[in-house]
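Since the structure comes first, as structure tokens, the remarks are kept for the end.
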């Protein structure tokens, strides 16, 4: 099946838009993961500090 | 029933057509109310997580819109206001629109859950299912109360924003929900009063079609009498401050005045303006006797925006609060 130039151009535009959306999605998932990791490590540090303070008393 | 124009075997849909599936106008109101809920909640969510949360709510609402258009292509093709939509006009196939909606729904809910919490994600999922499933498939064609019950779908965004920020949904969040929920019937029925011909043609039992214009005008007035005190309530319960109270009272009086004028008018008694009126113009270019309906429709949007804008301004400048 041969695509007409119009169909080909529309498909190319859709593919580019899809690629852009996927890149944005990957960035968002990455950013979310980093934020969660940061939150967990902050929590772990706070917990360790509390434990140290409790042992010192 | 007239089927939507057939989509070509090989799609020539443009990215803009898929963007239109997201109902960008509705999405802008969703974003605004969700941002307000998120900011007013005063949670501890960082700016990046907040931005991701709002994006998820916007995309989730857009996905619900895409599912609605996929399911309603045939009906949309019959109405002036909606016949230019991508599925109704045949630019996007029903299956493509459905797939688009389902994929975006899943991604937005999952990402919102990951970025914030699963209460917010659950509420977003509920909103999508409520709008695309419960409202579009079940309610819309079965009861003239469709917009009353279905209006809940549009009222969830500030609750989702609040839940995203704090992980909870307290009564203040549900008060914002109630404002939008009670705002929806007068707003939608005012529009329906001068688009009744379209709804009748599409077989949708909107209130003016099912119960007539006179009953609709009375119900708009009754809902307005309930809505305005609820809209003022945040100003009396500490959720809003002086600015909010001033906006809610002044705008509320204007809203009631317009509802009374509409009740005393003959809006909707005559068929709506001829087919010759353009799709966009049809929203505002109406017969002289339908102008009170158009005025209330337009003012209702302004009033809702003003209420949420006042809350937003007060939250961003806390000294202005009571």
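Quick reminder: no glycine exception, Cβ is built from N, Cα and C everywhere.
If you look up TrEMBL, you'll see B:26-45 (among others) marked as transmembrane segment. Packing against the transmembrane segment (B:26-45) from elsewhere in the chain are residues 53-54, 57-58, 61-62, 65, 116, 154, 157-162, 164-167, 172-173, 176, 180, 239, 301, 304-305, 308-309, 311-312, 315-316: each is 6 or more residues past its ends and has a CB under 8 Å from a CB in it.
If you look up TrEMBL, you'll see B:51-71 (among others) marked as transmembrane segment.
What TrEMBL lists as transmembrane segment is B:92-112 (among others). If one looks beyond the transmembrane segment (B:92-112) by at least 6 residues along the same chain, the residues whose Cβ comes under 8 Å of a Cβ in the stretch are 4, 7, 11, 13, 17-18, 21-22, 52-53, 56-57, 59-60, 62-67, 69-71, 73, 86, 120-121, 124-125, 128, 132, 160, 164.
Under the heading transmembrane segment, TrEMBL lists B:118-139 (among others).
Under the heading transmembrane segment, TrEMBL lists B:146-165 (among others).
Counting residues 6+ beyond its ends, the transmembrane segment (B:171-197) has Cβ neighbours under 8 Å at 33, 36-37, 40-41, 79-81, 147-148, 151-152, 154-156, 158-159, 162-163, 206-209, 213, 216-217, 219-220, 223-224, 226-227, 230-231, 233-234, 237, 239, 255, 259, 262, 267-268, 271-273, 282-283, 286-287, 290, 293-294, 296-297, 300-301, 303-304, 307-308, 311 in the same chain. Taken from TrEMBL, the feature transmembrane segment applies to B:171-197 (among others).
Tertiary proximity for the transmembrane segment (B:218-236) is limited to same-chain residues at least six positions away from its ends with a CB under 8 Å from its CB atoms, namely 172, 175-176, 178-179, 182-183, 185-186, 189-190, 207, 211, 242, 244-245, 248-249, 251-253, 255-256, 259-260, 262-263, 296, 303, 307, 311. Taken from TrEMBL, the feature transmembrane segment covers B:218-236 (among others).
Residues or ranges marked as transmembrane segment in TrEMBL: B:242-263 (among others). Sequence-distant contacts of the transmembrane segment (B:242-263), counting only residues of its own chain at least 6 positions beyond either end whose CB sits under 8 Å from a CB of the stretch, comprise 186, 190, 193, 217-218, 220-221, 224-225, 227-229, 231-232, 234-236, 292-293, 295-296, 299-300, 302-303, 306-307, 309-311, 313-314, 320-322.
What TrEMBL records for B:296-313 (among others) is transmembrane segment.
Tertiary neighbourhood of the transmembrane segment (B:296-313): same-chain residues 29, 32-33, 35-36, 39-40, 158, 176, 179-180, 183, 186-187, 190-191, 220, 231, 234, 239-240, 243-244, 246-248, 251-252, 254-255, 258-259, 261-262, 283-284, 320, selected by CB-CB distance under 8 Å and a gap of 6+ residues from either end. Residues of the same chain lying 6 or more positions beyond the ends of the transmembrane segment (B:146-165) and with a Cβ under 8 Å from any Cβ of it are 26, 29-31, 33-45, 50, 53-54, 57, 61, 64, 112, 116-117, 119-120, 123-124, 126-127, 130-131, 134-135, 139-140, 172-174, 176-181, 183-185, 188-189, 192, 204-207, 308.
Sequence-distant contacts of the transmembrane segment (B:118-139), counting only residues of its own chain at least 6 positions beyond either end whose CB sits under 8 Å from a CB of the stretch, comprise 53, 56-57, 60-61, 63-64, 67-68, 71-72, 101, 105, 108-110, 112, 145-146, 149-150, 152-154, 156-157, 159-160, 163-164, 167-169.
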